[in-house]
Amino acid sequence: MSSLRIYNDNDFSQPLVFTEDGAEISRQLNEAGIRFERWSTRELDEGATPDSILAAYQEEVEKLKAENGFTTADVVSLTPAHPQKDEFRKKFLDEHRHSEDEVRFFVRGQGLFYLHLEDKVYVVLCRKNDLISVPNGTKHWFDMGPEPEFTCVRLFTNPEGWVAQFTGDEIASKAPRFEQLIEEA
């Protein structure tokens, strides 16, 4: 089940808000300028290829492209067996921002987006069928956990794909990690 925790950015001991209600997650995030929605499930084979995944969600992807000017979409998958999983996790764990929206639709699996908005940190557990769109310039980081298991559709306006501008803020090192929050759930 997806969830949202909201913390003061100087105190991660207890969330100010915790909810697993999809409508409440959407409401809280939309009020903060973050798009969050649930898409209908598509039946996909276990070994679905990136092309078959994009074809299954073509209507939704094309709608997002038209609404937001995205030029490309791709599919990224990570499993616990990936030889570079630790490097990838470390790369995404530092607070950064982008010059374009970061859009992810979870086809399967899960991951945590941490959104540093003013004096709060919104921690969003995204799972299968969740779409999150983090506006350009938003300070954030992502934790896939020590044993990542996810497949996501990504959309870009920049043909170079994922390009981060790291903030240098150490806040991400103070926040609870994936394994701690998933264990609590």
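Backbone N, Cα and C define each Cβ position, glycine as well.
What Swiss-Prot lists as Ni(2+) binding site is H96, H98, E102, H140. Around the Cβ of E102 (Ni(2+) binding site), 21 further Cβ atoms fall within 10 Å across all displayed protein chains.
Taken from Swiss-Prot, the feature Fe(2+) binding site covers H96, H98, E102, H140, and the record attributes it to sequence analysis. When secondary structure is read from DSSP and collapsed to three states, H96 (Ni(2+) binding site) falls in the strand class.
Annotation comment: Swiss-Prot describes E95 as site 'May play a role in metal incorporation in vivo'.
Cβ-based neighbour count (10 Å, all protein chains) for D101 (site 'May play a role in transmitting local conformational changes') stands at 19. Per Swiss-Prot, site 'May play a role in transmitting local conformational changes' is recorded for D101.
As annotated by Swiss-Prot, site 'Important to generate the dianion' applies to R104. For R104 (site 'Important to generate the dianion'), the number of other Cβ atoms no farther than 10 Å from its own Cβ, over all displayed protein chains, is 20.
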### Task
Round to a whole number and give the Cα-to-Cα distance in Å for the pair H140 (Ni(2+) binding site) and D101 (site 'May play a role in transmitting local conformational changes').
12
### Query
Whose Cβ, among the binding-site residues H96, H98, H140, has more other Cβ atoms within 10 Å than any of the rest?
H140
### Query
Taking the centroid of the Cβ atoms of H96, H98, E102, H140 as the Fe(2+) site, which other residues of that chain lie with their Cβ within 8 Å of it, listed in sequence order?
R97, V134, T138, K139, W141, F142, A164
### Query
In sequence order, which residues at least six apart in the same chain have a CB under 8 Å from the CB of E95 (site 'May play a role in metal incorporation in vivo')?
Y114, H116, K139, H140, W141, F166, T167, D169, I171, A172
### Task
Can you grab the distance from H98 (Ni(2+) binding site) over to R104 (site 'Important to generate the dianion')? Cα atoms, rounded to a whole Å.
14
